[in-house]
Amino acid sequence: MALATLARRGAANLLPAVMIGLCAFVVFGPLTNLFLWAFAEKWFFPARYPTEYGFDFWQRVFRPRAGAWTSLFNSVWIALATVGLSMALAVPAGYALARLMLPARAFIMLIFLLPQAFPSLPIFVNIAHMFYGLGLNGTYTGVVLVHSLPGLVYAVWIATAAFGAVDRTMEEAARNLGAGPMRTFRDITLPQAFPGLVAASIFVFLDSIDEFTGTFFVGTPDISTLPILMFNASMGGNYQIASITALILLVPSIGFMLVIERFLKADVLSRIGR
Amino acid sequence: MGVEALALHGLSIRLGGAQILHDVTLNVPAGSFTCLLGPSGCGKTTLLRSIAGFAPPASGDIRLGARSIADLPPEKRGTAMVFQSYALWPHMTVAGNLTYPLKLRGIVRAERDARAEALLDILGLSGFGARKVGSLSGGQRQRVALGRALIIDPPILLLDEPLSNLDAAIRRNLRGELRRLQQRLGITTIMVTHDQEEALAMADTIVLMRAGRVVQVAAPQDLYARPADLDAGRFLGVDNMLAGRPDDPVAAATLGFRSMDARIHATAPQDALVRHGTVLDCAYTGGGYHLQLQSGAEVISAVSGVPVTPGSQVCVAVPTASLMAFGADQMLLPNGSPPIAETVQ
């Protein structure tokens with residue numbers, strides 16, 4: 001009797017354990033592989049694991065003329081500029097969408113999603129074509145604009161949710177006690193929407209750091225970012241350099257997870273898309 | 001800024017195509033405590049918000065003292081409002097909330113802090129200045145919200161159901177506290193409430209509202225004894241509305257009275273409204289018994305000091321002084337209408 005209960009309990013515990021194990025494998029398997037490649041000096045076909053480890057390729061990646069530093073700075077500057085541009089548009093847009101009873105609010109929100117709804121390749125090919133005409137191809141401006149296209153989706157949707165989560169009577173209380181509209185926005189609305197806006201900025205930043213297709217069509221060969229560098233390395237069969245680049249790309253992602261846990265309140269997340 | 005009177009002239013408000021307020025005219029004397037009383041959806045909160053500047057009037061005027069404030073933005077009106085949700089700013093401390101209005105007025109930090117300190121003393125919240133708003137209880141938040149409104153020394157104080165989010169016991173305490181504070185400061189105060197008991201206990205004048213209109217403006221005692229019409233009576237706890245009969249002591253289409261004025265008698269007394277009926281139900285209410293009687297087609301609520309067996313025949317009487325006489329148009333009949341019983345006999 002007791003044994004049967006134990007067995008049943010064991011079986012009940014086993015299933016979740018197996019599921020968690022599978023998920024972990026799917027998530028961490030490729031990461032482990034990446035990690036191994038990043039530190040593999042020699043790893044040829046029949047060997048299951050690298051035959052030699054070392055930092056030789058790290059030195060090669062960070063050699064002054066290898067382009068990794070340039071790509072890294074490019075990536076970061078472009079991402080920061082994209083955040084700046086997206087948020088500059090998303091803060092007023094998000095406030096308007098959350099506060100003012102715009103007639104076609106749902107429709108406007110949907111329009112912001114449209115670039116994500118279509119396959120990105122044809123969109124970027126067309127943008128590249130347009131940018132050729134405008135002389136924006138191969139310029140930082142062009143790349144920042146292309147990165148802002150998906151960036152704005154995150155920025156506007158999350159900013160709208162963040163402003164929507166601010167209790168309107170708190171703004172009214174400030175107005176009532178003598179604050180003008182701009183002062184109210186600065187002192188009351190903005191500080192309360194701030195965690196959501198930080199989250200939006202982080203999303204935009206990460207999306208930009210990670211962006212490949214748009215940069216490939218609009219930026220290359222004049223502008224190289226880390227994903228472009230990684231792509232070139234993988235295409236050249238240089239898995240070590242590709243893996244090291246990928247690991248560098250992981251740094252902002254991990255930073256993001258730490259920050260988002262601190263800043264993003266559940267009530268902001270729950271309002272996204274409302 | 002000093003205490004000022006408030007006057008509304010023909011104020012109408014539309015929101016999204018619906019007419020919320022119809023031609024409201026009201027005079028609130030300086031230093032008085034006025035309650036806007038009415039069921040939910042009667043427009044009392046909208047009226048308060050229009051005084052604060054959050055509901056633009058379609059027509060009419062709002063005057064504070066000698067100046068018209070109807071066209072001013074909220075921040076220029078100088079009204080101080082306490083919101084139902086208190087609307088304290090959670091990213092500021094208690095002291096931060098209290099001093100923000102002073103900061104807006106360019107008062108230096110040392111004086112801001114001193115005034116916040118003094119106000120916290122008055123509110124019984126000494127030492128709470130550095131606390132986060134989120135760590136306060138409901139009653140404490142209410143006091144901070146009140147303090148934040150009073151710190152600017154406003155000409156008029158607007159209270160939107162300030163006590164409705166509190167426990168019954170705290171509410172009763174704060175009622176008296178709020179009233180005493182108002183009397184001490186002598187500040188013109190308008191409070192919105194749906195709780196008639198609260199309005200009766202606190203107000204100098206009660207403005208009874210219904211469906212966007214002012215039904216009656218009266219002192220609490222007058223409003224309680226002489227509601228303007230049948231609906232006003234029902235809202236004020238007049239739970240019996242009987243069709244008048246020729247032999248009643250007061251001539252009226254409808255006679256209203258509260259069940260606590262209707263008592264069971266062995267013999268019909270003089271100078272009273274008398275009905276006979278069958279006891280449907282007898283419930284103990286602590287101090288006595290509450291009865292439901294079937295009298296013809298009508299059901300009467302009455303009280304009794306002793307239990308009465310359901311099914312028994314009783315005589316219920318209401319003193320003439322406790323009766324409210326309503327005409328066929330549902331309006332309260334003027335005082336002193338001759339009792340029909342005397343003229344007929």
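Glycine residues also receive a Cβ, built from the backbone N, Cα and C atoms like all the rest.
Counting same-chain residues at least six beyond the ends of the transmembrane segment (A:12-40), those with a Cβ under 8 angstroms from any Cβ of the stretch are 49-50, 52-55, 57-58, 239-240, 242-244, 246-247. For A:12-40 (among others), the entry in TrEMBL reads transmembrane segment.
Taken from TrEMBL, the feature domain 'ABC transmembrane type-1' applies to A:72-260.
The feature transmembrane segment is assigned by TrEMBL to A:76-98 (among others).
Within its own chain, the transmembrane segment (A:110-132) has Cβ neighbours under 8 Å at 142, 145-146, 149-150, 152-153, 156-157, 213-214, 216-218, counting only residues six or more beyond its boundaries. Per TrEMBL, transmembrane segment is recorded for A:110-132 (among others).
According to TrEMBL, the transmembrane segment annotation covers A:144-166 (among others).
Annotation source TrEMBL lists transmembrane segment at A:187-206 (among others).
Annotated transmembrane segment per TrEMBL: A:239-264 (among others), in sequence order.
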Close approaches to the transmembrane segment (A:76-98) from elsewhere in its chain (Cβ under 8 angstroms; 6 or more beyond its ends): 105, 108-109, 140, 143-145, 147-148, 151-152, 154-156, 158-164, 166, 185, 189, 197, 200-201, 204-206, 208-209, 215, 223, 225
Other parts of the chain folded back onto the transmembrane segment (A:187-206), taken as Cβ under 8 Å at six or more residues beyond its ends: 79-80, 82-83, 86-87, 90-91, 95, 151, 154-155, 158-159, 161-163, 165-166, 170-171, 173-174, 179, 252-253, 256, 259-260, 263-265, 268
